[in-house]
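J.: Below is a structure I'd like to ask you about.
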Amino acid sequence: MTILIIAEHDNKSLKEITLNTMTAATQIGGDIDVLVAGENCGSAADAAAAITGVRRVLVADHACYNGQLAENMAALIETLASDYSHIMAPTTTSGKNILPRLAATLDTSYFSDIISVESADTFKRTIYAGNAIETVQTADSIKVMTVRGTAFDLSETNGSATIEALSTVTDLGLSSFVNEELAESERPELTSANIVISGGRGMQNGENFSILEKVADKLGAAVGASRAAVDAGFVPNDMQVGQTGKIVAPDLYIAVGISGAIQHLAGMKDSKVIVAINKDPDAPIFSVADYGLVADLFDAVPELEQAL
Amino acid sequence: MKILVMVKRVSDPNVMIRVSADNSSVDLNNVKMAINPFCEIAVEEAVRLKEAGIASEVVALSIGTSQSQEQLRTALAMGADRGILIESEGPLESLTVAKLTQKVIAEEQPGLVILGKQSTDTDNSQTGQMLASLMGWAQGTFASKLEIDGESINLTREVDSGLQTVRLSMPAVVTCDLRLNEPRFASLPNIMKAKRKPLDIKPIADFGVDLTPRIKTLMVETPNERQGGEVLSSVAELVEKLKTEKGVI
């Protein structure tokens, strides 16, 4: 087995979810290479070389990989694919954009968001908003997949892999990167935070999320939201936790003013401890919460902040 | 410009499904079915582009069982001009769906294909990307804003870190995220009108696409259920429990 991991990075640094993907690759076994494609991405490549167990880091540094455009990225990976039995990327908007395109180019199977490696050709993944888990297998010679970060531990980073520059430039000219509006936050990222506090429709508006932010700042937590809160325009989509947003599994998840729709539970029910604060005692969120507080969130949340 | 919009029949996303007793599949008997919510956003966007005078015709395509006609009628009631159903016996893999769609594109020659970003049953998020690859077209996934400017599209994408804007050459494939638009409710007169719009049913065998599954489902199981815990009476009690019982703060 020879595995290629597509690194998740912002040119300057490697995203932690790459290390979860490395653990999944290690469970398959064999030689593992990492591809870092971007523009001026040398420091991300250095970080990838430090992942324990990586054989080689392949670096494609060119303007046409800025913004990780799926067309150019899939074309680049296609030039490398014949050397590999598995091509893996973290389940992120980037991985989900690039790898299905690659799989079709290679005419091979694609597994989306795997949660377990059963063997080199068999994997588990969730369907129907996490209400069922399927075990799937393929005989295709190249297996392409994205990997759910929260389902695998972080790999260690005391390695020193060789770094090789790729001279291939696969600029298809189909698309171009215009700009990026990054959500600025001093808080930890949602998907890697140890504590997440999320608000739902019960927050009533975007301004009221400030009471969650105050608690988050005391706990070193990330702030999330339900789809209802995003749909209502309270907060941006990058805060969405759920089937159609981000999947999180922190040590502590605090759901505030969230009823607990199926699609929200899909994104957080693997959290270690779940706390629900909701004034409706019949809200479904209480059926998955370790601790429930039936209370008006506008009383309970400030009180919680004071108590911390 | 013609727009092809894809529509999938799925179980109602608000209904809790059950795994079949023999752990071979999800039991969809007597489960309420619906149009995949992201497909609804795709139809809405296509219809708006027609209303804005940018598109000349909106063709809705579904690939699935005969009952998928219901979801195509929903698309027609929302404003699509005509429907095509490629009728299959059972579920198909996304790559097969993309290959069948490729054949429809060869015939229909649309300038833009719009799909949902994922379906709420298999939760894959892959058909649009695969289709763009097979066509050799640009792809704009997870779209929250779409502006057509002559021969190209300015597309804003919902990405993990915020928003990304890309420029795509046309023809292209676009997949919709939640905030692209709010789909309309079809009015009763439009539902009646939709019944008379053309809906072409084509047998899947006519397309010459290999339907052999590449992925074998070995088992479908129910995840470990989480048990509800205790309802506490005060914030003070909650903080105490989190500190001492669980040690998470």
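Cβ from N, Cα, C; glycine included.
Sharing the record's features from TrEMBL:
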type: DOMAIN; residues: A:3-181; note: domain 'Electron transfer flavoprotein alpha/beta-subunit N-terminal'
type: BINDING; residues: A:ARG201, A:226-227, A:240-244, A:257-264, A:ASN278; note: FAD binding site
J.: Find, among the binding-site residues listed as A:GLN240, A:GLN243, the one whose Cβ has the highest number of other Cβ atoms within 10 Å in the structure shown.
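T.: That would be A:GLN240, with the most Cβ atoms nearby.
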J.: Given the binding-site residues A:GLN243, A:ALA261, A:HIS264, which pass a C-beta cutoff of under 8 Å against chain B? Sequence order please.
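T.: Listed in sequence order, the binding-site residues near chain B are A:GLN243, A:ALA261.
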J.: Using all protein chains in view, find how many other C-beta atoms are within 10 Å of the C-beta of A:ALA261 (FAD binding site).
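T.: Taking every protein chain into account, the count is 21.
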J.: Under DSSP, is A:ARG201 (FAD binding site) part of a helix or a strand, or is it coil?
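T.: Where A:ARG201 (FAD binding site) sits, the three-state DSSP reduction gives helix.
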J.: Let's check the environment of A:ILE258 (FAD binding site): how many other CB atoms sit within 10 Å of its CB?
T.: 31
J.: Tell me the Cβ contacts of A:HIS264 (FAD binding site) under 8 Å, same chain only and six or more apart in sequence, or just say none.
T.: A:GLY200, A:SER226, A:ARG227, A:ALA228, A:VAL241, A:GLY242, A:GLN243, A:ALA255, A:ILE258, A:ILE285
J.: Where does the mean pLDDT land for the domain 'Electron transfer flavoprotein alpha/beta-subunit N-terminal' (A:3-181)?
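T.: The average pLDDT of the model in the domain 'Electron transfer flavoprotein alpha/beta-subunit N-terminal' (A:3-181) works out to 97.
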J.: Once the DSSP letters are reduced so that anything not helix or strand counts as coil, what is A:GLN243 (FAD binding site)?
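T.: Looking at the DSSP assignment, A:GLN243 (FAD binding site) belongs to neither helix nor strand, so coil.
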J.: List the same-chain residues at least 6 positions away in sequence whose Cβ sits under 8 Å from the Cβ of A:ARG201 (FAD binding site), in sequence order, or say none.
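T.: The answer is A:SER226, A:ALA228, A:ALA229, A:ALA232, A:GLY257, A:ILE258, A:SER259.
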